[in-house]
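Peer 1: Quick one: the structure is below, questions incoming.
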Amino acid sequence: MEFDTIAAISTPLGEGAIAIVRLSGNEAIQIADKIFKGVGDKRLKDVPSHTIHYGHIVDPSSGQTVEEVMVTVMRAPKTFTREDVVEINCHGGLFSVNRVLQLVLTNGARLAEPGEFTKRAFLNGRIDLSQAEAVMDLIRAKTDRAMNVALSQMEGRLSKLIRGLRQTILETLAHVEVNIDYPEYDDVEEMTHKMLIEKALYVRDEINKLLQTSQQGKILREGLATVIIGRPNVGKSSLLNSLVHENKAIVTDIPGTTRDVIEEYVNVRGVPLRLIDTAGIRETEDIVERIGVERSREVLKKADLILLVLNYNEELTPEDEQLFEAVKDMDVIVIVNKTDLPQKIDMGRVRELAGNWPIVTTSLLQEKGIDELEEAISSLFFTGAIEAKDLTYVSNSRHIALLHQAKQAVEEAISGIEAGVPIDIVQIDLTRTWELLGEIIGDTVHESLIDQLFSQFCLGK
Ligand code: GDP
Ligand code: ZN
């Protein structure tokens, strides 16, 4: 049997922070060669089967190095799929592995459907059906694991940043302490009012930056909260159903907040989406009708992504225009559905209303345009702010809560300094900031703060 070359991210169980982009098919080695730069002039097409090679993934269009990798080449038929297989081992977490996958896809591979490698193994006679089913279960576990690996890496970076901030606070407190208790130490820089406030402002700004990244962390953990809006009958339910059916549902164990909405988790080209379906949408009821204007505003406010659906076969109505207005500050993809029917919508006006938002035309009935929509979703996510900024992601709600408290404490210190309150009051607020940040990284404080101060600075020895 002959199939095209497919690729996907597959992370092995029981290994550390490594993610694998796997290719299978006739052109697997050829495609990998286009983006692989090994040592010297090594080409993967020339290497023996079942060997592993060190090198870099380089974007052939820009010459930019994307990842440091180990590449395994396995030739048919002694492979899992009985086709040529290449595995690109990346260690840079979810985002760099996704960049490698994107490169593989732009250089000739097709994104594998969930379980497609297994399906090939089955079709090529490599495994039987019960084995295929067992592997499918494993695949599900692997996807969750890939997510966890990426998240734990991010948390490592978070701890490092928090430690740096705590160190700053500690040094600041040490200076204050020296000024209070050891006025004779004139070789220690005097902590002036101005310096104290500078340090406190710095700490506050850094906490703010971390809190800003928590939005993206939330996206990774919970999925991009996606709300489908549109007038009745434009195709919202049909859209939800095609997204769910085209993509593998993500299994999650996120602790249930009180939910009066139905949520579907799907993985759209590596982007975890949490499709929020207010209880009514499925039953062809309008979100506003079903849960009231106030509630639907709340749902909208929490959304990371809005899919605004219009009907190609009807003229725009004032209600459509109101929907544009309601989501004007958000990330929106405009979907003009029912292109199988005659055009009645004014596309010029749609473009005017949409501004910079992507517009995708679909016929959900004929299953057309769904690829384009998925492409729009994934490029919004992967080429957006998230990839450009090299941020640390705060994803844990306990961490987020502690960061908010720490921010409050340092702000109290700042207003205290500004109001000229006694320095030991300011110390209390800064100490509390330090402790709250410590709780995030789980540092158990055996010694008192003062002990720590002195062990760090060896004062008065
Ligand atoms: P909702 O009220 O916005 O959720 O719309 P539905 O998804 O329930 O769809 C309303 C009707 O439009 C149903 O009868 C669908 O089968 C039909 N429909 C959805 N998408 C299309 C399409 O692309 N073309 C056509 N002709 N009909 C569609
Ligand atoms: Zn509906």
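Using the three backbone atoms N, Cα and C, a Cβ is placed for every residue, glycine included.
Grabbed the feature section from TrEMBL, which reads as follows:
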- Arg22, Glu87, Arg126, Lys461: (6S)-5-formyl-5,6,7,8-tetrahydrofolate binding site (BINDING)
- 223-382: domain 'TrmE-type G' (DOMAIN)
- Asn233, Thr252, Ile254, Thr257: K(+) binding site (BINDING)
- 233-238, 252-258, 277-280: GTP binding site (BINDING)
- Ser237, Thr258: Mg(2+) binding site (BINDING)
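So where do these features actually land, and what's packed around them?
Peer 2: Taken residue by residue with DSSP, Arg22 ((6S)-5-formyl-5,6,7,8-tetrahydrofolate binding site) is part of a strand. Less than 8 angstroms from the CB of Arg22 ((6S)-5-formyl-5,6,7,8-tetrahydrofolate binding site) sit Ala7, Ala8, Ile9, Ser10, Val85, Val86, Glu87, Ile88, Phe117, each of them six or more residues away in the same chain.
When secondary structure is read from DSSP and collapsed to three states, Asn233 (K(+) binding site) falls in the coil class. Within 10 Å of the C-beta atom of Asn233 (K(+) binding site) sit 13 other C-beta atoms, taking all shown protein chains into account.
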Peer 1: List the binding-site residues Arg22, Glu87, Asn233, Ser237 whose Cβ sits under 6 Å from any atom of ligand 1, in sequence order.
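Peer 2: If the test is a Cβ under 6 Å from any atom of ligand 1, the answer is Asn233, Ser237.
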Peer 1: For ligand 2, pick out the binding-site residues Arg22, Glu87, Asn233 that have a CB under 6 angstroms away from one of its atoms.
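Peer 2: None, as no Cβ falls under 6 Å.
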Peer 1: Mind looking up the mean pLDDT for the domain 'TrmE-type G' (223-382) in the predicted model?
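Peer 2: Overall, the domain 'TrmE-type G' (223-382) comes to a mean pLDDT of 77.
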Peer 1: Going by DSSP, is Glu87 ((6S)-5-formyl-5,6,7,8-tetrahydrofolate binding site) part of a helix, a strand, or coil?
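Peer 2: Looking at the DSSP assignment, Glu87 ((6S)-5-formyl-5,6,7,8-tetrahydrofolate binding site) belongs to a strand.
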